[in-house]
Structure formats: structure tokens, C-alpha cells
Amino acid sequence: MPHKVFLTRLKLSDFRNYATLALDLDQRHVVLTGENGAGKTNLMEGVSFLSPGRGLRRAAYADVARVGAPDGFSVFAAVDGMEGSVEIGTGTQGTEEGQSRRLRINGTAARTVDELTDHLRVLWLTPAMDGLFTGPSADRRRFLDRLVLSLDPEHGRRASEFDRAMRSRNRLLSEFRPDPAWLSAIEREMAGLGISMALARQEMLGLLSALVERSRSDGTFPSASLSLAGFLDDCAGIPAFELEERYLAMLAEGRARDAAAGRTLDGPHRSDLLIRHREKDIEAERCSTGEQKALLVGLVLAHARLVGDMTGHAPVLLLDEIAAHLDQGRRAALFDLVDGLGGQSFMTGTDRAMFDALGERAQYLAVANGRVSG
């Protein structure tokens with residue numbers, strides 16, 4: 001069983017509809033119940049800021065700060081983490097657009113938000129993800145990259161640097177006579193970063209697919225088969241340096257085409273995550289809405305188990321409205337699976353009765369108008 005990582009204290013200041021919030025938590029799961037709009041998801045969004053990135057809503061920081069707040073927002077948590085007890089504080093100063101958030105760990109300023117992954121991994125599933133299988137490929141790439149990031153914290157940096165280099169290449173190609181030496185240098189950088197991204201994604205799919213295959217006998221949720229398409233689909237077994245040279249040649253040969261298009265048409269930013277229902281052997285987008293939800297739940301739980309297996313530390317799970325469309329039997333099975341992961345989870349719902357099967361395994365909190373009571 002992986003080591004249990006859990007929050008013991010959570011404080012929010014000027015965060016969404018919370019002027020101030022202070023919660024003492026124990027090791028159990030946390031169930032948040034209340035009417036829609038009460039602030040349940042806002043609270044979970046606060047927890048999601050204990051991971052790199054912009055949280056489970058991917059919102060601009062200026063939008064996260066409470067309306068009318070004189071300054072930015074802050075999130076504080078005391079965590080029994082991967083390296084022992086730790087105090088984490090993060091937030092922004094001011095309400096202007098384009099600002100970055102600050103991070104302090106045990107009172108010391110962190111060099112980068114990636115340091116959060118030294119202490120805990122936070123994963124989530126929200127209703128906004130329900131359209132993952134039928135939505136644009138960019139959503140599936142983002143989903144996959146978050147899966148990768150949970151095991152490879154450097155993946156986010158590589159993706160950001162690739163995007164920056166690609167924008168530089170696009171600007172150069174828009175010029176009348178771009179400097180060929182500068183263009184070649186940028187393409188060399190893109191090749192190294194792009195292939196690293198592609199291989200990290202392939203490795204994640206291999207690990208996750210193997211775990212899904214081993215867990216198929218559970219049967220509570222359907223299992224998914226996963227593959228990538230759209231960029232170097234036939235790269236299995238080919239050395240990284242050879243793939244880099246291949247991508248470098250693609251970029252050089254595509255300069256005129258990309259200049260005319262105004263964008264780069266080859267690269268990991270064009271990949272798509274393909275998902276199939278294993279038992280029915282059909283594409284996920286052709287499944288019913290209920291089947292798609294069940295597939296997604298199964299995939300997120302499998303990934304959470306993989307993170308626990310690979311790191312030795314169970315992730316913190318944020319499951320928004322997770323029980324809303326499940327019957328009583330499947331809800332009970334879901335709670336057993338979540339509990340079996342060995343970590344702390346936060347779950348939301350409008351009706352506490354939906355969580356009866358959790359019993360004493362959870363701490364129950366009622367949320368109303370930005371206030372939380374036990």
C-alpha cells in the first residue's frame with residue numbers, strides 16, 4: 001500500500017467566494033455537500049493549487065481572486081507529505097492580468113512551482129471533463145500531459161519551452177527573409193523538446209495500459225485502450241536521436257508550407273489521444289454518455305493507482321460531483337476503489353445521502369454561501 005499523503009489544515013483567503021476559510025482535517029476522505037453555487041468546487045479548486053499549473057479550472061489568476069478583494073488570493077495547507085510534514089503557501093499579489101503565483105514551502109520562497117511535486121501529487125476529475133472524448137484534440141492532449149506531469153514534473157517545463165520555440169519559429173517564418181541559421185537553431189531546439197514530449201507521452205500510455213490490463217478483472221468500470229496518433233505514430237523502438245533527426249527534417253522540409261499556413265503543422269502539438277472501450281471494442285466518442293463517464297472514471301482511478309505504485313505515495317484526489325449519475329451499487333463500488341487507493345480524496349455532491357456507503361471513512365462538511373461547517 002502506498003504511503004498516505006493527506007492535508008491536515010487548509011486556509012483560503014480572498015479565494016473565489018471565500019473571504020476567509022480555515023479547516024482542520026484528519027486523514028479521512030473529505031465530503032463536501034451543499035447546493036449548486038455554494039462554493040464546493042471553489043474549495044476543491046483551492047486544493048488543486050497545491051499542484052503546478054492554474055488549478056482544475058485553468059482560470060486566469062485575476063479571476064480566482066474574490067470579487068472586491070484589495071489584493072490577490074492565497075492558499076495555505078499543512079500536509080503530511082511525501083517528505084514528511086510540510087507547510088505550503090501559494091497565491092498572488094495584486095489583481096492585474098498576467099501575473100504569476102508565488103510559492104513558499106516551510107516559509108522559504110520556492111524557485112519554481114514544480115517543487116510542489118516533491119511533497120504531494122494532486123489529481124482531479126470534474127464535470128467539465130465529461131466531454132473529453134468528443135471535444136477538441138487539444139483537450140485530450142492537455143489531459144494526457146497532466147497524466148505525464150504527475151510522474152515526470154519536468155514535462156511541463158519541456159512543453160512550455162517547446163511552445164515558446166515554436167512561436168519564435170512561426171514569427172521568423174512570417175518575415176520576408178528569415179535568418180536560416182537562426183531558424184535551424186530554433187528547429188534543433190524544437191526537435192529535442194518535441195521528441196522528449198512525445199516519448200514521455202508514449203511511456204505514460206504504456207505504463208497506464210499495462211496497469212489497466214492487469215486490473216480488468218475488477219469490472220466496476222469499463223477499461224480503456226489508449227494510443228496516440230498525429231505525430232510520429234510509428235516511433236516505437238526507434239532511438240531518440242534518430243527521431244529527433246527525423247523531426248528536424250520534417251521541420252526543414254515544411255518551412256514553406258508552414259509559412260503559408262502561419263503555423264507549424266508537424267509536432268507533438270498535433271497529437272491526439274485515441275481512447276477505445278476495450279470490452280465493446282468501439283471508439284469512446286461512439287459510446288453512450290453514461291459509458292463515457294464510466295470510462296473516464298475508470299481511467300482516472302487507474303492513473304491514480306499508477307501514481308501510487310510508481311512514487312510510493314498515494315495522490316490526493318479531487319472528485320467533483322463524482323456520484324451524481326451513478327446508481328447506489330456503483331457508488332458503493334466507487335468509494336471502495338477510491339478508498340483502496342490509500343490516499344485522501346475530496347468529493348462533492350448536493351446530497352449527503354449519496355455518500356452513505358462511505359460511512360466513517362469520510363469527514364463530512366456542509367458548504368453554504370462560502371461558509372463551511374462540520
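Heads up, residue numbers simply count up from 1 along the chain you see.
Just so you know, glycine gets a Cβ as well, placed from its N, Cα and C.
Since the structure is predicted, the reported quantities are computational estimates derived from the model, not experimental observations.
If you look up Swiss-Prot, you'll see Gly34, Glu35, Asn36, Gly37, Ala38, Gly39, Lys40, Thr41 marked as ATP binding site.
Features recorded in Swiss-Prot, as mapped to the structure shown.
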{"residue": "Gly34", "record": "ATP binding site", "Cβ contacts under 8 Å, 6 or more apart": "Lys40, Thr350, Ala366, Val367, Ala368"}
{"residue": "Glu35", "record": "ATP binding site", "Cβ contacts under 8 Å, 6 or more apart": "Thr350, Ala368"}
{"residue": "Asn36", "record": "ATP binding site", "Cβ contacts under 8 Å, 6 or more apart": "Thr350"}
{"residue": "Gly37", "record": "ATP binding site", "Cβ contacts under 8 Å, 6 or more apart": "none"}
{"residue": "Ala38", "record": "ATP binding site", "Cβ contacts under 8 Å, 6 or more apart": "Val367, Ala368, Asn369, Gly370"}
{"residue": "Gly39", "record": "ATP binding site", "Cβ contacts under 8 Å, 6 or more apart": "Arg16, Asn17, Tyr18, Val367, Asn369, Gly370, Val372"}
{"residue": "Thr41", "record": "ATP binding site", "Cβ contacts under 8 Å, 6 or more apart": "Leu56, Thr126, Asp320, Thr348"}
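Other than Gly34, Glu35, Asn36, Gly37, Ala38, Gly39, Lys40, Thr41, the residues of this chain whose Cβ falls within 8 Å of the Cβ centroid of the ATP site are, in sequence order, Asn42, Thr348, Thr350, Val367, Ala368. In the shown protein chains, 26 other C-beta atoms lie within 10 A of the C-beta of Lys40 (ATP binding site). DSSP assigns Asn36 (ATP binding site) to coil, not to a helix or a strand.
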